[in-house]
């Protein structure tokens, strides 16, 4: 499903009216009606509803919802956080319709907002139609107090388009924000609906297309979409290990022995065929006991126990017989090892995954990545992204989609910005938001498992971009299945790795159910 920026949804609104004759009044009517239908479907009739409306179009949607709820038989009261004589256009028209319908309306000022929470608690549902995706400055004064009253009511809360106080493009909180149980967003989901903390504050998300023409909903100018899974290539009877990919992992050091084990073994757990691990010779005996199914290439090491630069030619030779190369997990930050990573990035002619400490090296030699002919994917978390971009961690987290797109364009590489709802950016300016995964996966080594999963999906026969996307999705799906069976607490990376086969099995045996699980619900 496509995902829109605030500016893009405004463009779609305009084109819906100008090209297709779907006027703003129609969109608002359909939006408000969909909120009313959801409320009734959740609670049933009879029911009572408080509809909190702001001064703009979001408030207009709420006024329409109030009228439809009343028509359905609900006991409705509108709390208008605006002066009625300041309303304009179709918002004013819908206010007048509410008044003519005999629906109770109370104007809320700052003084009235003080005790509003207690009254809101008397209603079965509170509809939050205070502010929508156009909000760009922190909520203050009466608006802040009203949001706090909604949050303190204890009633079921449905937000209109996006929780009031959440930035429509970033998901960041503008001072204070409504915490909704459900959100109905219109046309398409917005970035702010899917980026945290907005995604959490919105509760369960629904989309209503409000009669946008299909051509607009699928417009090629919309460059962001959800990371929907694709079917896996079949495993045919007449195949051997080489048919499922040969991966080379350059990983590990004396200090970090878990990372090389996790990435190289996860490749096999996710369906890959032949896993080869190039790591320092002193730890090979220990790793071999834990993962005898991996093929080891013992490398010379520095005095501090990292991969020595003198291994460059040998690693390059090994890469020639590999389908994909992954560099970085657990390599450490020894200067000559970082120099080795840079020269590998420049010289390896196969598709390349760079993760972990390898990203610290790339931060120094990004031009080597941008000059590569074979595709590359970088898999940073927010801290590593900060080093790669020069932005602060806070800046990265505040605008994750834009940060990933900017780096992908600059380095001509795929970027997987890990985190809640991981962002996958492509070199040509597209982005995908991944919806699988859970907080239990926030554990040491989880990223190493992801490296193996991406390599494996490429080995199974997907194109590079699809392999990156599906590697991220499968990684999250494995975490979700593990959390369902074992709980999120204590979910280790080894457990996550061991659930990769179950994730692949779910995709092969019941693909439609998996797809439905991670598809945003569309209201009829």
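All positions are counted from 1 along the displayed chain.
For all residues, glycine too, the Cβ spot is worked out from N, Cα and C.
What Swiss-Prot records for this protein:
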type	residues	note
REGION	1-219	region 'NAD(P)H-hydrate epimerase'
DOMAIN	9-218	domain 'YjeF N-terminal'
REGION	57-61	region 'NADPHX 1'
BINDING	58, 128, 164	K(+) binding site
REGION	132-138	region 'NADPHX 1'
BINDING	143, 161	(6S)-NADPHX 1 binding site
REGION	224-524	region 'ADP-dependent (S)-NAD(P)H-hydrate dehydratase'
DOMAIN	224-507	domain 'YjeF C-terminal'
BINDING	330, 448	(6S)-NADPHX 2 binding site
REGION	381-387	region 'NADPHX 2'
BINDING	418-422, 438-447	ADP binding site
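For the region 'NADPHX 2' (381-387), the number of residues in each DSSP class (helix H, G, I; strand E, B; coil) is 6 helix, 0 strand, 1 coil. Neighbours of the K(+) site: apart from 58, 128, 164, residues of the same chain with C-beta atoms within 8 angstroms of the site's C-beta centroid are 52, 54, 59, 62, 129, 130, 131, 132, 159, 160, 161, 162, 163, 165, 178. Same-chain residues lying 6 or more positions outside the region 'NADPHX 1' (57-61) and placing a CB less than 8 Å from one of its CB atoms are 24, 28, 31-32, 35, 80-82, 90-91, 94, 129-132, 134, 160-161, 164, 186. Each of the binding-site residues 330, 445, 447 was assessed for Cβ neighbours inside 10 Å, and the highest tally belongs to 330. Here the candidates are the binding-site residues 143, 161, 439, 445, 447, and by Cα distance the one nearest residue 58 (K(+) binding site) turns out to be 161.
Looking only at the binding-site residues 58, 164, 422, the densest Cβ neighbourhood within 10 Å occurs at 164. Cα separation, residue 443 (ADP binding site) to residue 128 (K(+) binding site), rounded: 36 Å. Among the binding-site residues 420, 441, the residue whose Cβ has the fewest other Cβ atoms within 10 Å is 420. Rounded to a whole number, the C-alpha distance linking residue 441 (ADP binding site) with residue 448 ((6S)-NADPHX 2 binding site) is 12 angstrom. Listed in sequence order, the residues of the same chain lying 6 or more apart from residue 161 ((6S)-NADPHX 1 binding site) and placing their CB within less than 8 Å of its CB are 31, 58, 61, 132, 133, 183, 184, 185, 186, 190. Less than 8 angstroms from the CB of residue 448 ((6S)-NADPHX 2 binding site) sit 251, 258, 259, 260, 262, 263, 266, 329, 330, 355, 356, 493, each of them six or more residues away in the same chain.
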